[in-house]
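Taken from TrEMBL as is:
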type	residues	note
DOMAIN	32-263	domain 'Aspartate/glutamate/uridylate kinase'
SITE	K36	site 'Transition state stabilizer'
BINDING	G71, G72, R93, N185	substrate binding site
SITE	K245	site 'Transition state stabilizer'
Amino acid sequence: MKKQTAMNRDWIATARTLSEALPYLQRYDDAIVVIKFGGNAMGDDDEMDGFARDIVLMQQVGVNPVIVHGGGPMINEMLEKLGIQSEFVNGKRVTDAATVEVVEMVLSGRVNKRIVQAINRQGGKAVGLSGKDANLMICDQTNPDLGFVGTPAEMNPNVLHTLFGADTIPVIAPLGAGRNGETYNVNGDTAAGAIAASLKADRLLLLTDVAGVKNAEGDVMTEITPDQIRQMTAEGIIAGGMIPKTETALVAIEGGVRAVVILDGRAPNACLLELFTEHGAGSIIRGTGNPVT
Ligand SMILES: Nc1ncnc2c1ncn2[C@@H]1O[C@H](COP(=O)(O)OP(=O)(O)O)[C@@H](O)[C@H]1O
Ligand SMILES: CC(=O)N[C@@H](CCC(=O)OP(=O)(O)O)C(=O)O
């Protein structure tokens, strides 16, 4: 009897959570949410399935999700197997002709298809593409010293609108098309920011392996302003792999994205908590034009 009462309490709490989600469901109806899924955030098959389930639920309730993935650790693994040395300069992989072939094979092949398949297994309809498809992301070379590393220069997001119209979830590998037929390796955060800006997305969620941006005391900041980002970067509090994320956040909000959230992709239901509950998750950086959204 006691057990049943506890069970009832669980059901009541579940019903309350659903009921409280209504204003959030209404807010995000038909919204565009770009999700950067980093290689370190991917986890094991169960965690991948959990992520895919959240994405399918998001679409079921009216959101247009777009996944832009990374895969740095998987690229490292393959380069090591092939005996190809690799180094990073300012968070970007120095990419010669042999390396870019491996990057494309790993990102567009194994990593992209793993995510596509996970979403489809949960009942969604996902299609894998890279920035080269339909000229989605045309790039210029970032810096000759980095080889085939690209900076997004011209975005053509029409193909994504077509996919939204067909209730299809785009899963995008961060490769760009060069103007002379080259393939460019693009940092996953940079690609996600450029795609989100081209869509004027309502949210860009950058999923990583920490709970958010931490201050000097190591506490996660629930909200962070562009000025705070600039100051904390100058002071070295924001460092390493967090720099491309906060830089992406600044570029994205300047490009018209309403808000960017940096959060832990390994936490269960991270995306749902962020979008559909009052609790949110991680650190939010809001666009200046939208103080209350
Ligand atoms: N101020 C900060 N707050 C949180 N993490 C930080 C900060 N400064 C540096 N980092 C580092 O940034 C890392 C996230 O970047 P990275 O490992 O490149 O992520 P991903 O592989 O998910 O793209 C964190 O694991 C942390 O070590
Ligand atoms: C230019 C550059 O550095 N590209 C990245 C692309 C993958 C990526 O960004 O993966 P994560 O998001 O998992 O780190 C790379 O070669 O590792």
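Cβ from N, Cα, C; glycine included.
Automatic, uncurated: that is what TrEMBL annotation is.
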Check: Given the recorded positions K36, R93, K245, and counting only Cβ atoms in the protein chains shown, which has the most within 10 Å of its Cβ?
Finding: K36
Note to self: Suppose the substrate site is G71, G72, R93, N185. Which further residues of the same chain have a Cβ inside 8 angstroms of that site's Cβ centroid?
What the structure shows: G39, G70, I75, V103, L107, P174, N187, G188
Note to self: With the Cβ atom as the reference point and anything under 6 Å counting, tell me which of the recorded positions (K36, G72, R93, N185, K245) are near ligand 2.
What the structure shows: G72, R93, N185
Item checked: Of G71, G72 (the binding-site residues), the residue whose Cβ has the fewest other Cβ atoms within 10 Å -> G72
Margin query: Could you tell me the mean pLDDT the prediction assigns to the domain 'Aspartate/glutamate/uridylate kinase' (32-263)?
Written below: 96
Margin query: I'd like the Cβ neighbour count for N185 (substrate binding site), meaning other Cβ atoms within 10 Å of its Cβ, all protein chains included.
Written below: 26
Notebook entry, point to check: What's the CA-CA gap between K36 (site 'Transition state stabilizer') and K245 (site 'Transition state stabilizer') in angstrom, rounded?
Noted result: 10
Note to self: Restricting to the record's substrate-binding residues (G71, G72, R93, N185), give me the longest CA-CA distance in Å as a whole number.
What the structure shows: 12
Notebook entry, point to check: Expressed to the nearest Å, what is the distance separating K245 (site 'Transition state stabilizer') and R93 (substrate binding site) at their Cα atoms?
Noted result: 16
